[in-house]
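Here's what Swiss-Prot has on this protein:
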type: SIGNAL; residues: 1-24; note: signal peptide
type: TOPO_DOM; residues: 25-587; note: topological domain 'Extracellular'
type: DISULFID; residues: Cys30-Cys36; note: disulfide bond
type: REPEAT; residues: 54-77; note: repeat 'LRR 1'
type: REPEAT; residues: 78-101; note: repeat 'LRR 2'
type: REPEAT; residues: 102-125; note: repeat 'LRR 3'
type: REPEAT; residues: 151-175; note: repeat 'LRR 5'
type: REPEAT; residues: 176-199; note: repeat 'LRR 6'
type: REPEAT; residues: 251-278; note: repeat 'LRR 9'
type: REPEAT; residues: 309-337; note: repeat 'LRR 11'
type: REPEAT; residues: 338-361; note: repeat 'LRR 12'
type: SITE; residues: Phe349; note: site 'Interaction with bacterial lipopeptide'
type: DISULFID; residues: Cys353-Cys382; note: disulfide bond
type: REPEAT; residues: 362-388; note: repeat 'LRR 13'
type: REPEAT; residues: 415-437; note: repeat 'LRR 15'
type: DISULFID; residues: Cys432-Cys454; note: disulfide bond
type: REPEAT; residues: 438-457; note: repeat 'LRR 16'
type: REPEAT; residues: 479-500; note: repeat 'LRR 18'
type: TRANSMEM; residues: 588-608; note: transmembrane segment
type: TOPO_DOM; residues: 609-784; note: topological domain 'Cytoplasmic'
type: CROSSLNK; residues: Lys754; note: ubiquitin cross-link
type: MOTIF; residues: 761-778; note: motif 'ATG16L1-binding motif'
Amino acid sequence: MLRALWLFWILVAITVLFSKRCSAQESLSCDASGVCDGRSRSFTSIPSGLTAAMKSLDLSFNKITYIGHGDLRACANLQVLILKSSRINTIEGDAFYSLGSLEHLDLSDNHLSSLSSSWFGPLSSLKYLNLMGNPYQTLGVTSLFPNLTNLQTLRIGNVETFSEIRRIDFAGLTSLNELEIKALSLRNYQSQSLKSIRDIHHLTLHLSESAFLLEIFADILSSVRYLELRDTNLARFQFSPLPVDEVSSPMKKLAFRGSVLTDESFNELLKLLRYILELSEVEFDDCTLNGLGDFNPSESDVVSELGKVETVTIRRLHIPQFYLFYDLSTVYSLLEKVKRITVENSKVFLVPCSFSQHLKSLEFLDLSENLMVEEYLKNSACKGAWPSLQTLVLSQNHLRSMQKTGEILLTLKNLTSLDISRNTFHPMPDSCQWPEKMRFLNLSSTGIRVVKTCIPQTLEVLDVSNNNLDSFSLFLPRLQELYISRNKLKTLPDASLFPVLLVMKIRENAVSTFSKDQLGSFPKLETLEAGDNHFVCSCELLSFTMETPALAQILVDWPDSYLCDSPPRLHGHRLQDARPSVLECHQAALVSGVCCALLLLILLVGALCHHFHGLWYLRMMWAWLQAKRKPKKAPCRDVCYDAFVSYSEQDSHWVENLMVQQLENSDPPFKLCLHKRDFVPGKWIIDNIIDSIEKSHKTVFVLSENFVRSEWCKYELDFSHFRLFDENNDAAILVLLEPIERKAIPQRFCKLRKIMNTKTYLEWPLDEGQQEVFWVNLRTAIKS
């Protein structure tokens, strides 16, 4: 029993593991181009079922601890393999043996405590290799990279354990586009370790201390074009002459990111510049300066050796005692030939006038995200300041008056571009003064509600994005580019305001439509961005977009950013795909069609009414309604006649001379109702007919050819027809005065025709011997 129980649990475990593996295999998704994504799928091993069709495989963020020699054998055409953060601690020596086409390999942030050169031997096509973030101390016993002749990007090292860089580490590498070394725990650097790489375009060094900086600098001086130092504490850096002969260093850019400096160490760093004669750009990002700016270069030749530095960039510089900071007079001469300076988000509130006057070559100055106000700006832009300045960026400072700002900058005679965006200005005045050469003005995110003539007429580029504008009516004759996105405009501005406009960006406004005429009114417009507006997909707009395939040449964000906001049935549809309904877009044609159809219907109904005696049925309905208002059966006291005689005027001789004489002079006599004698004068004929029939016990119809042609006889027959069949009253007596064709009786009297087929009627005999019998039968019928 116990054995069976163990066997059961083993089978359950195998089933669970197999189902998990199958589920994992199913979650590996590949597209038609061979790019497979297996990120964060809880794989515990390389998935099976890999094929030669795969070009890219990403298995990052899994739990793969081991890569065996056969796991990737099927991926002969694989070009990209990403195994980042997958807990890998063991890789077989020939695991990558079949990956001769591999160009990109990422093994970063795993648990590889040692590296093997056998992994990389077959990877002759490899261009990118990332080994960063693994807990190894060195790069292995032998050189890892002698066969990687095509390698362009290499990332190595870690934060805590990588402690030694040796000569053999980079043997075989002669040229790299990018080399990144994270060695924050570096304890030993073997001289000339990096010297074997003759050409490095961009070298990034993560060093916590500056102990080995001079040795490394000496090795890379002749090979690196862009050196980036990260997270380095340079507070204790001391310069000493480098053990190198005169060399022409190709280094163009030097960057410090996250570094710590002091006034003294800054002076020491300046001494390095004598070895970098071609240096043109220096950058400080997220650095800390523990000092007061008391820079005092001790060697006079430093000044001359800074001659080719044209760009200085400082971002987010933290100076704990910035309010005590010096005026930098000691470095004025160092920056005389600099053309571009950026000091961003560094609590700058003043550039001393004398410093500004020394920046004679400065063409570009960016003081974004600082503390500048008009009073201090006036001191900075004093007479003679920045004489060559063409572009000034004062974005996100504390400027308030547009008028004062313009007047202060009048001293900058060569200023052509001004960015004062993200300042909170007071309402725009009607007039302002600006430098006469100004061509570009950025007023985005300044909260302006109205654009006035304060804006200079000389502008070629104007940016008023992200404000509260609901209209734009300023004439700018030279304007070529207008950026007015994220406002409240409901339509495109009038084209006559910008006769030479080339580019307009009006995204995220309240524009509901635009037309062919509107776009055509801009004679030189080449680019329009009007997406993400509240478009009303009217017939005119949709018709225009469907009939103008060249829109994609002008609308750079067409078609994905152009969506219908209304009507509701088209909400969210692209203008390109939306189709208007016939009811909305062809109302005139639709109304015309409906009217024509209605007219045809009326004609058809009229023809049918004529053919099927519709008017007669209407008259019959009227008579029926009239009769319904009266009691269904007249009281006995209202029945005044034994019979109402309905006859044609042409048959009056027979009725008056024969029928009346025979019936009214009989014993007992019958009282007959004749229209000539008994109708009430002045009363409507139809009312007389109805009343006479209702007051008569019977109705005698004297049928003849004349009868069926008589109009009034038809009315009498109509109402009798109603009385006969609506009241189930057998009150009609048919007297056939002369033989008539049955088809002469109108089709509408279908029941009357049926009676003539099913019931006996009296026929006037021409034989005088039979006429007495006829009268006897008629009297009997009236009495019944």
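Along the chain as shown, the residues are counted starting at 1.
Even glycines carry a Cβ here, placed using N, Cα and C.
Cys432 (disulfide bond) has Cys382 as its nearest neighbour among the recorded positions Cys30, Phe349, Cys353, Cys382, going by CA to CA distance. Here the C-alpha separation of Cys382 (disulfide bond) and Cys36 (disulfide bond) works out to 62 Å.
If you take the Cα of Cys36 (disulfide bond) and the Cα of Phe349 (site 'Interaction with bacterial lipopeptide'), they are about 53 angstrom apart, rounded to a whole number. Per DSSP, the secondary structure of the repeat 'LRR 12' (338-361) breaks down as 6 helix, 5 strand, 13 coil. For the repeat 'LRR 6' (176-199), the list of distant contacts is 132-133, 151-167, 169-170, 205-209, 211-212, 215-216, 219-220, 222-223, 231: same-chain residues at least six beyond its ends, Cβ to Cβ under 8 Å.
Long-range Cβ contacts of the repeat 'LRR 12' (338-361) within its own chain (Cβ-Cβ under 8 Å, at least 6 residues beyond either end) map to 309-319, 322, 327-329, 332, 367-373, 376, 379-382, 384-389.
For the repeat 'LRR 2' (78-101), the residues of the chain that approach it from at least six positions outside its boundaries are 43, 54-69, 71-72, 107-113, 116, 118-120, 122-125, 130, judged by C-beta separation under 8 angstroms. Cys454 (disulfide bond) sits 27 Å from Cys353 (disulfide bond), taking the C-alpha atoms as the reference points.
Residues of the same chain lying 6 or more positions beyond the ends of the motif 'ATG16L1-binding motif' (761-778) and with a Cβ under 8 Å from any Cβ of it are 654, 659, 662-663, 666, 700, 733-739. Neighbour count (other Cβ atoms within 10 Å of the Cβ, all protein chains): 17 for Cys353 (disulfide bond).
Here the repeat 'LRR 13' (362-388) is broken down by DSSP into helix, strand and coil counts: 7 helix, 3 strand, 17 coil. Here Phe349 (site 'Interaction with bacterial lipopeptide') comes close to Asn370, Leu371, Met372, Val373, Tyr376: these same-chain residues lie at least six apart in sequence, with C-beta atoms under 8 angstroms from its C-beta.
Taking the Cβ of Cys382 (disulfide bond) as centre and 10 Å as the limit, one finds 17 other Cβ atoms among all the protein chains shown. Rounded to a whole value, the Cα-Cα separation of Cys353 (disulfide bond) and Cys30 (disulfide bond) is 63 Å. Its Cβ placed at the centre, Cys454 (disulfide bond) has 20 other Cβ atoms within 10 Å.
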